[in-house]
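**Student:** Relevant sequence annotations retrieved from TrEMBL are reproduced here:
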BINDING   C65, H69  Cu cation binding site
BINDING   N470, A471, V472, K473, D517, K533, S548, L552  ADP binding site
CROSSLNK  K720  ubiquitin cross-link
DOMAIN    350-589  domain 'Histidine kinase'
DOMAIN    615-735  domain 'Response regulatory'
MOD_RES   D663  4-aspartylphosphate
TRANSMEM  20-41  transmembrane segment
TRANSMEM  53-71  transmembrane segment
TRANSMEM  83-109  transmembrane segment
Amino acid sequence: MEACNCIEPQWPADELLMKYQYISDFFIALAYFSIPLELIYFVKKSAVFPYRWVLVQFGAFIVLCGATHLINLWTFNTHSRTVAIVMTAAKVLTAVVSCATALMLVHIIPDLLSVKTRELFLKNKAAELDREMGLIRTQEETGRHVRMLTHEIRSTLDRHTILKTTLVELGRTLALEECALWMPTRTGLELQLSYTLRHQKPVGFTVPIQLPVINQVFSTNRAAKISPNCPVARLRPLAGKYMPGEVVAVRVPLLHLSNFQINDWPELSTKRYALMVLMLPSDSARQWHVHELELVEVVADQVAVALSHAAILEESMRARDLLMEQNVALDLARREAETAIRARNDFLAVMNHEMRTPMHAIIALSSLLQETELTPEQRLMVETILKSSNLLATLINDVLDLSRLEDGSLQLDVRTFNLHATFREVLNLVKPIASVKQLFISINLAPDLPEYAVGDEKRLMQIMLNVVGNAVKFSKEGSISITAFVAKPESLRDPRAPEFFPVPCDNHFYMRVQVKDFGSGINPQDIPKVFTKFAQSQSLVSRNSGGSGLGLAICKRFVNLMEGNIWIESEGLGKGCTAIFIVKLGITERLNESKLPFVPKVTRNHGQTSFPGLKVLIMDDNGVSRMVNKGLLVHLGCDVTAVSSADECLRVVSQEHKVVFVDVSLPGNGAEDSYRVAVRIHERFTKRHGRPLVVAITGNTDRVSTENCMRVGMDGVVLKPVSVDKMRRVLLELSEHGVYCEAH
């Protein structure tokens, strides 16, 4: 058998192996003993660790493992049975503890996994919170920018400044390369480039409003990205090569204008928008962020609000300027109208006074002449003069009353009066004329008609005299009936006068008066004309009735002032007519006649009454009027002294003079002298019975003149012209009552 030259590997000796195991067991035991120390330190330092008992159990397992390895050091040499028993016990305890620890880890691992899951959840939540905080910071920044932009935009209400400020602030805040605003043209069919930030493209360029990209932006209230190559986004000159930045566009609502025009803005009857275009810098990778788009949208809304305010302000300023111009024009027209009214009133007052002065002389002298011995032919001529003069005086009164009614200066003189006596006085005034024409006049006052009433007696009498006078004037034969009664509520409304709305109340009543005649009548189609000033029906004109056509026109205005209505009924020519009027009067308790203002009585004939020895003083600066008044009083038997000035009157007047007649001219033409005379007489003669009675003779028919006379203490007012009967009536009233009287 051949010899083998194989070299067997040199394995380490058993002693070397045992030595390595010994060293390894020592270090394993050392490591095992160090780990529990670290776990104890961890448990001590960790106050929130939920598995302390597990760590204790795990520490015991490691300690036992270490002890096993440590005991194992004695097994490498010959060892005793005691070492084997200890070794066995240590291994058994290690096995028990290791199994228990393994079983416990089965229960702990899911908890550890859930902890890991919660840890991941918390990490996710933390990431979300970070994102939300980022959004909040972004929103705060956006809000700050919006507030800043809003403040800048609303710092003015000039629309050009608003739009320019918007572009500048957006360009600075968002670092834009270009920003532009396209406004609708007047026709509304195009958008015109109106404002740009960098002025890289001249304004005035237009594009059709029906472009798809424009419709796309106008269809939403959100900012929309558009192509940089579309017509509204070509805001830079095409020079050089560059990569255009992203472009967004947003609509800007314009005010809904349907009632006014804003300078050069179109009149908008439907919803219209402007277009705002914003461009990021070219050759950059920057993109639009969500918060930047939201900022653009908010700013667009703020611009719309600011523009609406500016539009309203512009219109209000235009309206204010127009209103100021109108007010200036109205004020000028008002002053001109007031000047014209004053001029007219002054003219009428002067003409009234100046016309009454010669009329006073004509009527006074004619009445004196009438009471002398005259032949029938002479008496007829004198009566004709008197009749014509009285007609002219009536015309003067009518013209003045109509003027005051038209300018609203005429007011009713409301006082308590005897209503029944007023009807009797009207009857006595028209009876002489009716008897000449052989007309029978009857009056019927209803039992429910109050004897006393509250109202304007003078105007009521003027209405009745006009209506009854017309009945007498246009009747050649037959009779005339006057009926008066309290109108029932159901009979107040008249379909021919829908504007008449009577309102019954406890302290007022409506009196209805009907005057029926059998005279010439009137065509029904001519009835509306009789209440028009200076107009008469053709049938009456053809019959040569005379008159100015003012009587019924003035009556209608007087009736309206008394909250009443007047109308005429007639079946035609030759069938007579009925004049009806309703007036509102106040109700008063029955008073003694002595408590009422004295009313001149004309029911008696005073032709033979005279006043012999009655000392009278006359003050009048007009020689003719002074001579006429003196003649009237001398005719009545008075002892008359006539003077021409106030100073002379104050020198002459004494207690022997019972009556002082002073002529009251127009204000500024001597009226103050007349008032001064009355005041000085009151101061000189303090006792009531020793003082002469002061009576004014005036041609002024306005209420102010009468009130001025009463204010200075005059005892009566006599309106020119004055006849013998009127002067006799005045002297009777003064001698019988010695109280304030008025004679018209």
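One-based numbering along the chain as shown.
Placed from the backbone N, Cα and C atoms, the Cβ positions cover glycine too.
Any TrEMBL annotation is an automated prediction that lacks curation.
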**Student:** How many other Cβ atoms sit within 10 Å of the Cβ of A471 (ADP binding site)?
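**Tutor:** Step by step: centre on the Cβ of A471 (ADP binding site), count other Cβ atoms within 10 Å, giving 26.
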**Student:** Let me know how many other Cβ atoms fall within 10 Å of the Cβ of D517 (ADP binding site).
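**Tutor:** D517 (ADP binding site) is surrounded by 25 other Cβ atoms within 10 Å.
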**Student:** Could you check which of the recorded positions C65, D663, K720 is the closest Cα neighbour of L552 (ADP binding site)?
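**Tutor:** The answer is K720.
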**Student:** Within 10 Å of the Cβ of V472 (ADP binding site), how many other Cβ atoms are there?
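**Tutor:** Total other Cβ atoms inside 10 Å, all chains included: 19.
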**Student:** Including all protein chains shown, what's the count of other C-beta atoms within 10 A of the C-beta of K473 (ADP binding site)?
**Tutor:** 19
**Student:** When a 10 Å sphere is centred on the Cβ of N470 (ADP binding site), how many other Cβ atoms does it contain?
**Tutor:** 23
**Student:** At the level of the C-alpha atoms, what whole-angstrom distance separates D517 (ADP binding site) and C65 (Cu cation binding site)?
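**Tutor:** Counting only the Cα atoms, the answer is 151 Å.
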**Student:** If we check Cα distances from K473 (ADP binding site), which of the recorded positions C65, D663, K720 wins as closest?
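**Tutor:** That would be K720, the closest of C65, D663, K720 to K473 (ADP binding site).
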**Student:** Looking only at Cβ atoms, how many others are within 10 Å of the one on L552 (ADP binding site)?
**Tutor:** 24
**Student:** Going by C-alpha positions, which of the recorded positions (C65, D663, K720) is nearest A471 (ADP binding site)?
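**Tutor:** Going through C65, D663, K720 one by one, the closest to A471 (ADP binding site) is K720.
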**Student:** Going by Cα-Cα distance, which of the recorded positions (C65, D663, K720) sits nearest to N470 (ADP binding site)?
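**Tutor:** Minimum Cα distance from N470 (ADP binding site) across C65, D663, K720 lands on K720.
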**Student:** Measuring Cα to Cα, how far is the residue listed as '4-aspartylphosphate' from V472 (ADP binding site) in Å?
**Tutor:** 36
**Student:** Could you state the CA-to-CA distance between K720 (ubiquitin cross-link) and C65 (Cu cation binding site) to the nearest Å?
**Tutor:** 151
**Student:** Across all the protein chains here, work out how many other Cβ atoms are within 10 Å of the Cβ of D663 (4-aspartylphosphate).
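**Tutor:** There are 23 such Cβ atoms around D663 (4-aspartylphosphate).
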**Student:** Under the DSSP assignment, what numbers of helix, strand and coil residues are found in the domain 'Response regulatory' (615-735)?
**Tutor:** 55 helix, 26 strand, 40 coil
**Student:** Can you tell me how many other Cβ atoms are located within 10 Å of the Cβ belonging to C65 (Cu cation binding site)?
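**Tutor:** Excluding its own Cβ, the number within 10 Å is 22.
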